[in-house]
Amino acid sequence: MRSPQALLQGDPEIAGLINKELERQQSHLELIASENFASPAVMAAQGSVLTNKYAEGLPNRRYYGGCEHVDAIEELAIERAKQLFGAAWANVQPHSGAQANFAVFLALLKPGDTILGMDLSHGGHLTHGSPVNVSGKWFKAVHYGVDPETQQLNLESIRQLALEHKPKLIVCGYSAYPRSIDFAGFRAIADEVGAYLLADMAHIAGLVAAGVHPSPVPHCHVVTTTTHKTLRGPRGGLILCNDADFAKQFDKAVFPGTQGGPLEHVVAAKAVAFGEALQPSFKQYSQQVVANAQALAERLQERGIAVVSGGTDNHVVLLDLRGIGMTGKVADLLVSEVNITANKNTVPFDPESPFVTSGLRLGTAALTTRGFDEAAFSEVADVIADRLLNPEDAAIEQRCRDRVASLCQRHPLYGPASPVLAA
């Protein structure tokens with residue numbers, strides 16, 4: 001079955017728009033930290049006939065017939081996830097990281113319970129108690145931040161907050177924190193106050209799987225993640241734990257607690273991605289992701305642009321633009337004009353609103369998939385610096401655009417395996 005050709009013939013309008021998106025991805029430098037490029041194999045699994053199958057329930061315990069093959073696929077996804085992260089149990093059904101987090105909340109908490117998570121403006125996530133999210137509406141949310149001097153986590157200050165507020169759940173794991181996380185230290189705090197510990201490793205899951213970032217699995221009561229970002233799979237969620245009693249609660253919280261039928265085509269794509277991440281080449285890839293982020297941070301600082309915490313231990317580089325008198329909103333627009341995709345982001349103790357911000361968040365996972373190395377990322381840093389430091393210079397703007405085009409041509413996306421739809 002030639003799906004690209006079928007789409008081209010069946011709906012040329014959608015096919016044309018997909019082609020335009022492919023061209024955009026090929027011709028732009030993707031630096032959004034939460035994005036990556038899934039392999040053709042992952043995309044093939046997600047676009048398969050599994051789209052047609054309903055399969056409410058768990059493998060071998062379904063509410064529908066005809067599930068023998070999706071059972072085998074989901075069991076394989078579960079086993080690969082357990083092997084990849086060294087966990088005793090996994091649920092591969094959550095549709096997203098947010099769904100995974102909410103399933104954990106449903107299993108462990110009651111409305112009004114206290115949760116302790118990182119402040120969104122310091123690098124946390126909406127689902128960790130933000131007042132605009134259900135996690136902040138249904139539960140009493142207390143937030144910790146980073147140290148004002150080091151811009152890194154201070155476990156003693158977090159411990160004092162925990163002792164004061166006695167949370168039922170502590171959340172660690174973030175969306176814009178560039179440093180390594182001491183999961184054992186967090187577990188000690190959780191045990192001291194009698195709290196559950198949830199690690200949301202959505203951003204660093206691939207690095208954890210490859211062993212280039214400490215794993216939360218041995219230390220936390222439960223771990224959630226997305227399956228894209230650094231893990232390079234389809235967009236989806238995953239829950240892991242080592243406790244059989246918790247596992248039963250989490251299974252019920254996913255179905256029927258928060259979801260109906262799982263997306264078995266996405267589950268298959270997750271299984272493919274987990275299989276890819278179990279290969280030795282994925283460890284090399286993940287090591288390169290971190291090396292590239294450190295090269296990017298180092299060169300940007302050499303060019304006079306501040307980096308939050310002075311560097312990075314993972315794939316995230318968070319720029320603090322206050323020193324050059326620029327907002328994140330303006331910087332986001334400036335780099336987009338030379339075909340670099342990033343996102344404005346708050347920085348710790350940011351005086352600007354979340355709609356303006358003082359920061360620009362960069363990530364290295366996607367371009368590392370395209371084969372970028374440290375030298376290429378140093379060049380990327382120069383392009384960014386040239387653009388941000390010379391916003392009114394049309395000649396420099398064009399030169400930046402030309403350098404982006406050259407970098408993209410030297411590091412093609414997908415190449416012969418391109419999922420292009422055009423005839």
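Count begins at 1; order follows the chain as displayed.
Glycine residues also receive a Cβ, built from the backbone N, Cα and C atoms like all the rest.
Feature annotations, courtesy of Swiss-Prot:
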{"type": "BINDING", "residues": "L120, G124, H125, L126, S353, P354, F355", "note": "(6S)-5,6,7,8-tetrahydrofolate binding site"}
{"type": "SITE", "residues": "H228", "note": "site 'Plays an important role in substrate specificity'"}
{"type": "MOD_RES", "residues": "K229", "note": "N6-(pyridoxal phosphate)lysine"}
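Recorded residues the residue listed as 'N6-(pyridoxal phosphate)lysine' and G124 ((6S)-5,6,7,8-tetrahydrofolate binding site) have their alpha carbons 16 Å apart, per Cα-Cα distance. Overall, the recorded (6S)-5,6,7,8-tetrahydrofolate-binding residues L120, G124, H125, L126, S353, P354, F355 cover a maximum inter-Cα distance of 16 Å. Fewest Cβ neighbours within 10 Å among the binding-site residues G124, P354: that distinction goes to P354.
Remark: S353 ((6S)-5,6,7,8-tetrahydrofolate binding site) has no non-local neighbours by Cβ distance under 8 Å and separation of at least 6 in sequence. Of the recorded residues, G124 ((6S)-5,6,7,8-tetrahydrofolate binding site) and H228 (site 'Plays an important role in substrate specificity') place their C-alpha atoms 18 Å from one another.
Annotation for F355 ((6S)-5,6,7,8-tetrahydrofolate binding site): same-chain Cβ neighbours under 8 Å, separated by at least 6 residues, are K329. Each residue contributes its Cα atom, and for P354 ((6S)-5,6,7,8-tetrahydrofolate binding site) and H228 (site 'Plays an important role in substrate specificity') those atoms are 25 Å apart. In this structure, the CA atom of H125 ((6S)-5,6,7,8-tetrahydrofolate binding site) is 16 Å away from the CA atom of H228 (site 'Plays an important role in substrate specificity').
Rounded to the nearest whole angstrom, the C-alpha distance between L126 ((6S)-5,6,7,8-tetrahydrofolate binding site) and H228 (site 'Plays an important role in substrate specificity') is 18. L120 ((6S)-5,6,7,8-tetrahydrofolate binding site) sits 21 Å from H228 (site 'Plays an important role in substrate specificity'), counting Cα to Cα. The Cβ of H125 has fewer other Cβ atoms within 10 Å than any other of the recorded positions H125, H228, K229.
Summary for the binding-site residues L120, L126: the Cβ-based neighbour count within 10 Å is maximal at L120.
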